[in-house]
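Colleague: Grabbed the feature section from TrEMBL, which reads as follows:
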DOMAIN    8-304  domain 'Cobalamin-independent methionine synthase MetE N-terminal'
BINDING   Arg20, Glu21, Leu22, Lys23, Lys115, Asn120, Arg507, Cys508, Trp553, Glu597  5-methyltetrahydropteroyltri-L-glutamate binding site
DOMAIN    418-740  domain 'Cobalamin-independent methionine synthase MetE C-terminal/archaeal'
BINDING   Ile423, Gly424, Ser425, Glu476, Asp591  L-methionine binding site
BINDING   Ile423, Gly424, Ser425, Glu476, Asp591  L-homocysteine binding site
BINDING   His633, Cys635, Glu657, Cys718  Zn(2+) binding site
BINDING   His633, Cys635, Glu657, Cys718  Zn(2+) 1 binding site
ACT_SITE  His686  active site, proton donor
Amino acid sequence: MTTAFGQSTVLGYPRIGANRELKKAVEAYWAGAIDAEALESTAARLRAEVWRTLHDARLDAIPSNTFSYYDQVLDTAVAVGAVPDRFARLGLSALDTYFAMARGVDAEPALELTKWFDTNYHYLVPEITPDTVFTADPAKPLGEYAQARALGITTRPVLVGPATFLLLAKGDDPFARLDDLVEAYAQLLTALAEAGVAWVQLDEPAYVADRTPAEIDALRRAYTRLGELTRRPRIFVATYFGALGDALLALLDTPVEAIGLDLVAGPDNIDRLAAAGPLGGRTIVAGLVDGRNIWRSDLRAAVTAGAIVAGLADHVAVSTSCSLLHVPVDLSAETHLDPTVSERLAFARQKVDEVVLVGRALRDGTTRLPAPLPDTPTAWRNDEVRGRLAALRPTDRQRGDYAVRAARQQERLGLPELPTTTIGSFPQTTELRAARAAHRAGRLTDADYRQRMRAEVEHVIRLQERLGLDVLVHGEPERNDMVQYFGEQLDGFAATEHGWVQSYGSRCVRPPIIYGDVARRTPMTVEWTTYAQSLTSKPVKGMLTGPVTILAWSFVRSDQPLADTADQVALALRDECHDLESAGIRVVQVDEPALRETLPLRRADQRTYLDWAVAAFRLATSGVADGTQIHTHLCYSEFGEVITAIDALDADVTSIEASRSKMEVLADLAAIGYHRGVGPGVWDIHSPRVPPHAEVVEALRRAVAAVAARRLWVNPDCGLKTRGYPEVEASLRHLVAAAAEVRGS
Ligand code: GLN
Ligand code: ZN
């Protein structure tokens, strides 16, 4: 058996299939249309395709157990026996217990879903209690290893590492259980070794964030223990999404045979490695090809960086910076992209070729590498936009005094105390989706489509009037997605046809690509908003997606700082705000649900990010008159480090998710002296449940106790697009009635 790591690898590969086959199969299983056996056979076919693809591309170290029916963190929870009792006792099959944890069943809500580090992927949060009994369940990694072996392909099973697993878990001090958990990993590793596994990959990305000395010590202890096992595969600890810092030294104290470093997001890793002293024959797996973005690599620069690592370590392997889970499957499926754009792109399949080439060039020094791409085409430059940005002054990001604004706005809006509103979208019914699909396919003319959408806007306005809401919305029926909608209308953006990326479970997104200077050709939302306003005398709130969220949910050009691209987007939004205002719209909401998720993992980098993020939002929203009310909406209730940034956005009203956290966020806002309008969500829209009237009243009373009533707004937690009309009507009725009741008391 060979024990060398190999020369080239990827840390993971998309598992959804080139045509989202996994999504379709899993959803068919949930709907009862196919059985477990049919689902498993699709899964086996998809896995085999991935291994063959990697093998045929001449990658010589191939991962397995990167397939998942839902999520790799959930898979790891199962592999260590961390199935909470509340699911185990349902008495379901292993597969259905798994899906019950992922999606919930009637009696049991699912595990919590949350963002995977600073990506747009969501994992299921393990629930660990002081009496969770960890036991190894190696069936899945062993099964995948055996399946690949049967195809003649030797693989390296991948698991989330024990320290990261617990750092991501929730419960009563989960990390205190590390020593117990490591014993389950020890059993897993022994079982893998007995099946002939030569290498295992344990992912520890949690260590590219700031960690306490105790947490770093625990990492050292865990891998010392695993390293001392007499029967085990060789251990590759993979890290990604940033630089490892002090944790690198801790890993070097242990017997692990390979360490993976992200040299794209964490170039500092090289200096750390150089300073670390002798590496003791270890393999350094150099993440030289960006696994997060979709641009072709500069292969010569990658080889140069690889050569530096090779000068420090006895063995170097080339890899992607992180799993390719975060990029679309195959560029060759895109036939409609502008060739000047597509020649600059690499999706997962293309990135594998890049890794192989860099690996080969590093070894033989003679492999010819494709020339780097020429500079950004001048056609993608927009000198007018650049000129405007260069001429900006600090006052362009500043509104007038809040007290003056608030008075002017109230004069124009005449709102009651505790005004009621919604976050923007109303249910996206099957008919609406069908109309959009028909329009895209050319089966519905532009005029008919517009008519259909106008009818929907009218329906939504009438409904809100009937319910008695104070600030109305048009309902966003024309928007497929809050980023894509703007991307389709702005210069500098390209849309893919098949560029799907897993977001969570069976849910995939198709992020647009920002390749050039961003500019607005024509107004993007004015027609819909003014049409809605023409139907009612109540104020209608215009609805835009903020610059940070547009960047966060797109693939962004890497040839200029993010801050510059954010400002270009902000300028387009500023013009849109201005046009809405000129058309008589008195309230504009600029959504920033992604403000927090893109926060850098290391505290040292957060200030810079928040500075440009806030500056871009303010550029977008400061061009309006004092009497125009700017709202923003944020989709989380624990602000952590971004709390002061929320104040700095200087929006007149901030609506936030708050119902699940029982309004805790209001205390956080009070603590930093936030003094403008706030709309804590009083209805958790993430489930179809209708909140009873009394519950909304209670939430509101709690809010009134924390915030002066004149600053308080009444709204749901988020948009209503995933809900159905019956529950929306009932819930909004309760919300309006509760506001009236609390207002009168
Ligand atoms: N205005 C958007 C909506 O209501 C906001 C969505 C979001 O916060 N993610 O759907
Ligand atoms: Zn939201």
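In case you wondered, yes, glycine gets a Cβ from its N, Cα and C as well.
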Colleague: So which binding-site residues out of Arg20, Leu22, Lys115, Gly424, Glu476, Arg507 are up against ligand 2, CB under 6 A?
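Modeller: With ligand 2 as the reference and 6 Å as the Cβ limit, the list is empty: none.
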Colleague: Give the subset of the binding-site residues Gly424, Ser425, Trp553, Cys635 lying near ligand 1, defined as CB under 6 A from any of its atoms.
Modeller: Gly424, Ser425, Cys635
Colleague: Reported as an integer number of Å, what is the Cα distance between Ser425 (L-methionine binding site) and Cys718 (Zn(2+) binding site)?
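Modeller: Counting only the Cα atoms, the answer is 9 Å.
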Colleague: Of these recorded positions, Arg20, Lys115, Arg507, His633, His686, which scores lowest on Cβ atoms within 10 Å?
Modeller: Arg507
Colleague: If you measure every Cα to Cα pair among Ile423, Gly424, Ser425, Glu476, Asp591, the residues listed for L-methionine, what is the largest value in Å?
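Modeller: Taking every pair of listed residues, the largest Cα separation comes to 13 Å.
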Colleague: Looking at the recorded positions listed here (Lys115, Gly424, Arg507, Asp591, His686), whose Cα lies nearest to that of His633 (Zn(2+) binding site)?
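Modeller: Smallest Cα separation from His633 (Zn(2+) binding site) among Lys115, Gly424, Arg507, Asp591, His686: Asp591.
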Colleague: Which residues does Ile423 (L-methionine binding site) neighbour through Cβ under 8 Å, counting only same-chain ones at least six apart?
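Modeller: Same-chain residues close to Ile423 (L-methionine binding site) (Cβ under 8 Å, separated by 6 or more) are Val473, Gln589, Asp591, His633, Ser655, Asn715, Pro716, Asp717, Cys718, Gly719, Leu720.
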Colleague: Return one of helix, strand or coil for Ile423 (L-methionine binding site), based on DSSP.
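Modeller: Note: Ile423 (L-methionine binding site) is coil by DSSP, not helix or strand.
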Colleague: Quick check: with His633, Cys635, Glu657, Cys718 left out, which same-chain residues have Cβ atoms within 8 Å of the centroid of the Zn(2+) site Cβ atoms?
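Modeller: Once His633, Cys635, Glu657, Cys718 are set aside, the remaining close residues are Ile423, Pro593, Leu634, Tyr636, Ser655, Ile656, Gly681, Asp717, Gly719.
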Colleague: What mean pLDDT does the predicted model reach across the domain 'Cobalamin-independent methionine synthase MetE C-terminal/archaeal' (418-740)?
Modeller: 96
Colleague: Give me the long-range Cβ neighbours of Leu22 (5-methyltetrahydropteroyltri-L-glutamate binding site): same chain, 6+ apart, Cβ under 8 Å, in sequence order.
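Modeller: In sequence order, Arg15, Ile16, Thr42, Ala43, Leu46, Tyr69, Ser506 meet the Cβ cut-off.
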